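Read through the structure below, which is laid out as structure tokens, and then see the notes.
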Amino acid sequence: MTALKNTVPNTRSDDERPVVLKVDHVAKSFRLPTEQATGLKMAFLNWTKGIKGYTEQKVLKDISFEVRQGDFFGIVGRNGSGKSTLLKIISQIYKPEQGVVDVRGKLVPFIELGVGFNPELTGRQNVYLNGALLGFTRAEIDAMYDDIVEFAELEDFMDQKLKNYSSGMQVRLAFSVAIKAQGDILVLDEVLAVGDEAFQRKCDNFFAAIKKDPSKTVILVTHSMDAVKKYCTKAILIKDGEIIVSGNKNDVADRYTLENLKKKQSEPTEQPEGEYATGLNETVPVLHVVPTGEPICSLTEGFDFTVEYDYHGNKPFYVAISLNDIRRGGVPYGDSFDLFEPGKHSVHFRIPMGLFTNGEFRLIASIHEWDGHNPETAQMIAFTNESNACDFSVRDADGLDNFALINKSSMAYQVLDTQLARRQQQ
Amino acid sequence: MKNLMKHLQEKYHYAVVVFKELVKTDFQLRYQGSFLGMVWSVLKPLMLFGVMYVIFVRFLKFTDGTPTFAISLLCGTCLWSFFTESTTMGLSSIVNRGDLLRKVHFPNYIVVAATNTGALISLGLGLIVVILFGAFSGAHFTWRVLLVPFSIIQLYCLALGVSLVLATLYVYFRDIAQIWEVLLQALFYSIPIIYPLSMVARSYPIVAKLMMLNPIAQPIMDIRHNLLSPEYVPTVWTNTADLGGAIDTPDVPAEWQWLNSPCLNILPYLFTVLVLWLGIHLFRKYSQKFAEVL
């Protein structure tokens with residue numbers, strides 16, 4: 001496994017490529033109906049009463065960015081952040097309230113795969129219909145038809161009605177049309193997770209190829225940070241209708257992970273009176289691990305966290321804290337600490353992360369009672385569940401090569417036959 | 001300027017491509033799974049005609065005794081089916097294609113135009129049957145047949161205008177579907193299709209004249225007049241005194257003579273233009289919001 005150093009795009013050369021999509025101060029709001037007004041009668045009644053019947057919700061506020069030819073542009077954001085609305089505005093399905101969207105070249109939108117697919121038509125007819133809706137003439141589709149069918153691996157099924165296809169086959173056909181459609185700008189919304197493994201690999205290759213083609217531009221909306229890091233050259237992160245990070249894909253991906261972690265913490269863990277969350281009980285009604293600062297750290301600074309507990313027993317007790325690797329699974333590290341004070345307290349800790357590489361980790365704490373010296377007598381009386389454990393991320397320029405958990409500067413194989421093998425230069 | 005022309009051409013080109021595919025799909029889907037398939041386009045109006053002929057002409061004696069009444073009834077049925085079909089399908093076309101409008105950007109009037117064109121194809125097949133039958137049942141083809149295509153275009157424009165208005169309204173108010181159904185029924189009886197105009201004209205020539213001014217009746221009567229029998233089928237241009245055909249009609253009082261003025265007769269034609277303009281205007285204004293409302 002060689003280290004895949006990310007080639008940071010040279011911003012200077014960017015300026016020479018033409019801008020193919022320019023989104024300029026775009027804003028959009030929707031009217032959410034509060035009154036049921038789907039009939040003439042209700043509309044009239046509301047009108048006479050002076051009820052507006054809707055509330056205005058700002059979905060996008062002043063979005064501006066540029067995409068240049070050859071970019072693989074990622075748009076990420078949590079659910080409901082306005083990504084899809086933005087995509088629909090780019091595809092001219094929605095009209096922006098303010099601002100302008102300027103598209104140069106043929107834009108092929110895939111808000112959803114298989115638009116216009118009709119179960120009663122055959123695969124072939126559907127390809128032509130779908131193609132026409134995407135703006136291709138019969139002759140153009142004729143030219144790419146064989147490619148589409150081959151890519152979808154559906155040669156034997158094209159004259160079957162679509163309703164006789166399995167759902168996987170339908171998706172494959174739709175996706176093949178999508179990526180074989182020879183547009184200048186390809187707009188894709190959450191389409192990376194389709195098909196079986198072999199098909200996934202094919203798509204992978206396709207994206208890798210299109211990334212190299214300087215004449216094709218791709219705009220990709222996704223939740224998969226792996227996809228962003230792998231394919232994108234640039235990305236933006238949208239939150240509540242605003243761009244909060246723009247430019248470098250790694251910054252965007254990291255910030256997105258951070259936003260997700262933050263969201264998780266702010267979720268209230270309210271419990272009804274007299275009931276305890278999983279892992280807690282009346283002896284230990286409170287036990288959770290929270291980050292002291294941000295839920296993200298670098299390799300050098302280590303991660304600060306706080307264990308809050310409330311112990312109502314009267315035996316010697318201690319807390320065991322284990323570090324879990326979320327992505328790979330397993331517990332790379334763990335230790336226990338005697339606690340001196342019963343009652344409600346917060347204890348601050350720091351864990352150095354210098355041994356590891358970038359990743360997502362979880363700290364789980366559990367409270368044990370014992371007689372103070374014989375480990376045999378120890379009994380776990382409380383533990384943190386999914387919602388009150390602490391998730392955090394390690395993000396560091398030196399930890400990018402995160403194939404393995406432990407980084408190469410902390411540990412190294414020793415070559416015993418130096419005449420036969422040599423460690424690769426970093 | 002050159003760029004603008006090119007841009008327009010591209011835009012228009014795309015519209016044509018989508019239009020063709022949608023018409024084709026609609027037609028492929030229309031008789032999907034039926035054994036007779038396209039034959040139904042011809043068979044359905046024929047069967048409807050059979051029912052009406054037996055009930056109205058044979059039992060109820062709704063005939064003016066002219067040899068072309070039966071074929072005129074068939075022709076009227078075909079034309080009326082076209083109008084009903086294109087407006088009811090046009091009405092729901094935008095809502096039915098909502099999944100499309102929410103996901104692709106394309107000129108959405110095409111959806112309405114495509115459904116109307118589907119109905120027009122059915123009408124074409126129906127008219128072929130009318131002409132074939134007409135040859136055997138006393139239709140009198142003259143040079144006026146050449147005027148028929150213009151009337152068909154007029155009827156299509158009228159149906160398109162009405163469909164555009166209805167489709168726009170239907171996106172916001174679903175009640176329209178019910179209202180339109182009743183309205184169509186009323187319109188059907190107000191047009192002399194199942195009964196001859198002379199039945200009205202023999203007692204109320206003024207009412208008969210007003211019926212002729214109905215913008216839907218006018219092209220239907222024009223087509224029957226020009227295609228089948230210029231002698232027996234009256235049109236909006238027929239003098240009130242002759243609306244009854246062979247049957248004597250009471251004289252129209254002098255103060256009602258203005259009903260025969262050509263300025264009045266032109267109104268249904270103008271109305272068609274007005275409806276089409278209104279439809280296009282209304283549709284263009286609201287169609288940008290369709291994707292959000294649907």
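Just so you know, the numbers here start at 1 and follow the chain as drawn.
From the backbone N, Cα and C atoms, a Cβ is placed for every residue, glycine too.
Sequence-distant contacts of the transmembrane segment (B:35-56) (same chain, six or more residues past either end, CB-CB distance under 8 Å): 62, 70, 73-74, 77-78, 81, 121-122, 125-126, 128-129, 194-195. The transmembrane segment annotation in TrEMBL covers B:35-56 (among others).
Annotation comment: TrEMBL describes B:36-286 as domain 'ABC transmembrane type-2'.
Cβ atoms under 8 Å from those of the transmembrane segment (B:68-88) belong to residues 44-46, 48-49, 52-53, 56-57, 115-116, 119-120, 122-123, 126-127, 129-130, 133-134, 137-140, 155-156, 158-160, 162-163, 166, 177, 180-181, 184, 188, 191-194, 196, 216, 219-220, 223-224, 227-229, 232-233 of the same chain, restricted to positions at least 6 beyond its ends. Per TrEMBL, the feature transmembrane segment maps to B:68-88 (among others).
Remote same-chain partners of the transmembrane segment (B:109-133), defined as residues 6 or more beyond its termini with a Cβ less than 8 Å from a stretch Cβ, comprise 15, 18-19, 22-23, 26-27, 30, 38, 41-42, 45-46, 71, 74-75, 78-79, 81-82, 85-86, 89-90, 93-94, 97, 100-101, 139, 152, 156, 159-160, 163-164, 167, 227-228, 280, 283-284, 287. The feature transmembrane segment is assigned by TrEMBL to B:109-133 (among others).
Beyond the transmembrane segment (B:153-173), the same-chain residues lying 6 or more positions past its ends with a Cβ under 8 Å from any Cβ of the stretch are 79, 82-83, 86-87, 89-95, 109, 112-113, 115-116, 119-120, 180, 215-216, 219-220, 222-223, 269, 272-273, 275-280, 282-283, 286-287, 290, 293-294. Marked as transmembrane segment by TrEMBL: B:153-173 (among others).
Residues or ranges marked as transmembrane segment by TrEMBL: B:182-204 (among others). Sequence-distant contacts of the transmembrane segment (B:182-204), counting only residues of its own chain at least 6 positions beyond either end whose CB sits under 8 Å from a CB of the stretch, comprise 52, 56, 62-64, 66, 69, 73, 76-77, 80, 84, 87-88, 211-212, 214, 216-217, 220-221, 234, 243-250.
Counting only same-chain residues 6+ beyond the ends of the transmembrane segment (B:266-283), those with a CB under 8 A from a CB of the stretch are 109, 112, 154, 157-158, 160-165, 167-168, 213-215, 217-219, 236. Under the heading transmembrane segment, TrEMBL lists B:266-283 (among others).
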